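Student: The structure follows.
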Amino acid sequence: MTDMKIDRRQMLKLEAAAIAAAAAGMPSTSLAANLVTEREASELKWDKAACRFCGTGCSVMVATKDNRVVATHGDIKAEVNRGLNCVKGYFLSKIMYGHDRLTHPMLRKTNGKYDKNGEFTPVSWDEAFDIMALKFKDALKKRGPSGVGMFGSGQWTIWEGYAASKLFKAGFRTNNIDPNARHCMASAVAGMMRTFGIDEPAGCYDDIEAADAFVLWGSNMAEMHPILWTRVTDRRLSAPHVKVAVLSTFEHRSFDLADIGMVFKPQTDLYLLNAIANHIIKTGRVNKDFVQAHTVFKKGQTDIGYGLRPEHPLQKKATGAAKANDATDISFDEYAKFVSDYTLEKAAEMSGVPLNRLEALAELYADPKTKVVSFWTMGFNQHTRGVWCNNLVYNIHLLTGKIAEAGNSPFSLTGQPSACGTAREVGTFSHRLPADMVVTNKEHRTKAEHIWQLPEGTIPDKPGYHAVLQSRMLKDGLLNAYWVQVNNNLQAGPNANEETYPGFRNPDNFIVVSDAYPSVTALAADLILPTAMWVEKEGAYGNAERRTQFWHQLVSAPGEARSDLWQLMEFSKRFKIEEVWPEELIAKKPDVRGKTLFDVLYKNGQVDKFPLDQIEAGYANDESKAFGFYVHKGLFEEYAAFGRGHGHDLAPFEAYHKERGLRWPVVDGKETRWRFREGSDPYVKAGTGVQFYGFPDGKARIFALPYEPPAESPDKDYPFWLSTGRVVEHWHSGTMTRRVPELYKAFPEAVCFMHPDDAQEANLRRGDEVKVASRRGFIRARVETRGRDKPPRGLVFVPWFDESKLINKVTLDATDPISLQTDYKKCAVRIERV
């Protein structure tokens, strides 16, 4: 072993880093284990990559040896995490090496032939694509473009999502493609679009070091964004005047730092938000100059339903469901009158939060001297009125002018590593195109068709099936060929018993799942395709602060596993244009006759124009080698054409391999920290100060939106609220983290967190097994009354990482009618001893 000498200065740095690491859930000994990053000293090759897990976008240093990742540590050159990792990030080196890693395509067969009820049998890629192409062509003949679909991911790399969107929206001419970001970020997208006319946060992580107060709305940052939480903690502990307010339906680890901790009754966040706005108006703290110059007022459509099936009684009663996204102009006076009924006193009574705490919270926003950052995640977004929650928190920041400047920021935190970069920016949602364009807008479709070199009318003008609707259509037999990549929706989707699983096993359907491991979803499929993971391919993610980050391929995938990008592009070779486009469309561009979708979409003179010698020396690139050109650069530069000059500018391709990410818009080589603010955002006109240029009038919208009840509430038969969510040790459905021994042992199985008094009343003790049952299904779990999560009486919390306890058999598939995002935080259950 090579001797190392560490001087006093280095030792002090290590001690400081160890303290911060402990706050992130990482054992202090882990830091010393990964200190040596020079190849000469360690005989390892080190390179940078974006972390595979959450939307924080930490950069990590990855060590490889003999075609294997052997170590990782936080990247000290990264602005985001400054050398730190959370407990999941610390074990990144192990996520690719589970004992049951998939290495060959697997097709259900009986007696050598495909059989929906057969056993999984290894097959070649050719055989896998043959049966897959046959089933897709059958579905296209039977139902047209609506018969095929795809469910993708906020964990796709940017070019994987872009290639998938092209294949389905342009190739198969269907918008039936949606990412699992529909479950996590759709309400944030719709909220931004409604308020600002353009997507993604105005601020950045630099706001943390400039803020005087932090307000968390439905966000357990301590566990879900632990590295950002270390920065919030550092700010709070190093500046005595700084305050932290945390609002949630149950107490969790973020409450440990809270100066103002508030547990509110589910759904009453709507009431609280309006009450704060009313307080600002009543106490004369509206920033009148800002409001007059930069905002207009709207009254939103109400009684919009809950996104349930049309025959559901709640949908039948919803008078505004058909026009859920509509709004009409009102004046400031009309808005002030609307919120005047929402007093802090009534809010306290409605929510159960003590009045003095609500007053303290309202004053953080109202005091013009206090800079406030509002953070929120799934508590807001997974909500039947999630878009409204987003709009209402923007209202507060707009009324006070606390936006688009250092320390003043309403900030929706992203859950997945590229929910922003791939789902939102690339536009892999069923209604979107790149750079905030939508399929319903003819000008947007025309621009996309021009960049993609397609005949006019190629892209359909109606949104496709969104995530929840895909499950319903599969069940109903109206969506027959379906491809799932980089997600585990049978475990993650709501109401799994009634709405998700039936579609997978419908004999009329053919289900393909691309995954690295045999997940619950993969095991319910007809064909499993083995997938390359993380640094087994060249990649790019976009994080929550608009930061785009690249990494090189560092190792090869095992066996016959191939990247999702390779799968998409290789599969496209199986389709002649005549098999997927109507004759009248082909007639508009006759030179496509006889070509494959691969030729038209990916070997089109744009994507394939960069030769292999442009790949940086010393790095493998399996996808590019397979196709004969630098795939990633070609896809990226074509995609970047959508945003350049339109407020979504990306830097040249090579810049991202050199940098630890850049925050768009990147104009003349300079990234943007604060959008909409003159001097920071190059799109703001000189002399305007602030310009919300997403709308032609340059103004943001302030919405009058009421409290409306949840889709389902506790009653005598089902007396408890159920909320679901995550824990720091596991990522989403646990497909990766449960295969890391240290993370599995740290939290081996999901439990039912319950108030001790509720348990005592039911004659239950900690560790007893109970049935958590709703009107839709049940699971068994053990009671936890002394854990990190502390629900109030009448509410239980069950995390969803555990495939042996599929809590989404219990949840309700109600969605926000505007964003179409599922509410996983509120349904009614009963707790029974087993």
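Cβ coordinates come from backbone N, Cα and C, glycine included.
Feature list, courtesy of Swiss-Prot:
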type: BINDING; residues: Cys51, Cys54, Cys58, Cys86; note: [4Fe-4S] cluster binding site
type: BINDING; residues: Lys88, Gln155, Asn180, Cys184, 217-224, 248-252, 267-269, Met378, Gln382, Asn488, 514-515, Lys537, Asp564, 724-733, Asn808, Lys825; note: Mo-bis(molybdopterin guanine dinucleotide) binding site
type: BINDING; residues: Trp800; note: substrate binding site
type: DOMAIN; residues: 44-100; note: domain '4Fe-4S Mo/W bis-MGD-type'
type: SIGNAL; residues: 1-32; note: signal peptide
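Are these features on the surface or tucked inside, and what are their neighbours?
Tutor: According to DSSP, Cys86 ([4Fe-4S] cluster binding site) is assigned to coil rather than to any helix or strand.
Just so you know, the Cβ of Val727 (Mo-bis(molybdopterin guanine dinucleotide) binding site) picks up 25 other Cβ atoms within 10 Å once every protein chain is counted. In the three-state DSSP assignment, the secondary structure recorded for Val727 (Mo-bis(molybdopterin guanine dinucleotide) binding site) is coil.
Secondary structure at Trp800 (substrate binding site), taken from DSSP and collapsed to helix, strand or coil, is coil.
With DSSP classes pooled into helix, strand and coil, the tally for the domain '4Fe-4S Mo/W bis-MGD-type' (44-100) is 7 helix, 18 strand, 32 coil.
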Student: Taking Cα atoms as reference points, rank the binding-site residues Cys51, Cys54, Cys58, Cys86, Trp800 by distance from His732 (Mo-bis(molybdopterin guanine dinucleotide) binding site) and give the first.
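Tutor: Nearest candidate: Trp800.
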Student: Measuring Cα to Cα, how many Å separate Glu251 (Mo-bis(molybdopterin guanine dinucleotide) binding site) from Cys86 ([4Fe-4S] cluster binding site)?
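Tutor: Glu251 (Mo-bis(molybdopterin guanine dinucleotide) binding site) and Cys86 ([4Fe-4S] cluster binding site) have their Cα atoms 21 Å apart.
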Student: Radius 10 Å, atoms counted are CB only; among the binding-site residues Lys88, Lys537, His732, which position scores highest?
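Tutor: Neighbour-count leader: Lys537.
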Student: Around the [4Fe-4S] cluster site (Cys51, Cys54, Cys58, Cys86), what further same-chain residues have their C-beta within 8 angstroms of the site's C-beta centre?
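Tutor: Neighbours found: Phe53, Thr56, Gly57, Asn81, Asn85, Lys88, Gly89, Pro226, Ile227.
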Student: Taking Cα-Cα distance, which of the binding-site residues Cys54, Cys58, Cys86, Trp800 are within 10 Å of Glu223 (Mo-bis(molybdopterin guanine dinucleotide) binding site)?
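Tutor: Checking Cα-Cα distances against Glu223 (Mo-bis(molybdopterin guanine dinucleotide) binding site), the binding-site residues within 10 Å turn out to be Cys86.
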Student: I need the CA-to-CA distance for Trp800 (substrate binding site) versus Lys88 (Mo-bis(molybdopterin guanine dinucleotide) binding site), whole Å please.
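Tutor: The Cα atom of Trp800 (substrate binding site) is 17 Å away from the Cα atom of Lys88 (Mo-bis(molybdopterin guanine dinucleotide) binding site).
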Student: Give me the Cα-Cα distance between Met378 (Mo-bis(molybdopterin guanine dinucleotide) binding site) and Cys58 ([4Fe-4S] cluster binding site), rounded to a whole Å.
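Tutor: Distance between the two Cα atoms comes out at 20 Å.
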Student: Do you know offhand how many angstrom separate Cys86 ([4Fe-4S] cluster binding site) and Val727 (Mo-bis(molybdopterin guanine dinucleotide) binding site) by C-alpha?
Tutor: 12
Student: I need the CA-to-CA distance for Lys88 (Mo-bis(molybdopterin guanine dinucleotide) binding site) versus Cys51 ([4Fe-4S] cluster binding site), whole Å please.
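Tutor: The separation of the Cα atoms works out to 9 Å.
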Student: Can you tell me the three-state DSSP label for Glu251 (Mo-bis(molybdopterin guanine dinucleotide) binding site)?
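Tutor: It is in a strand.
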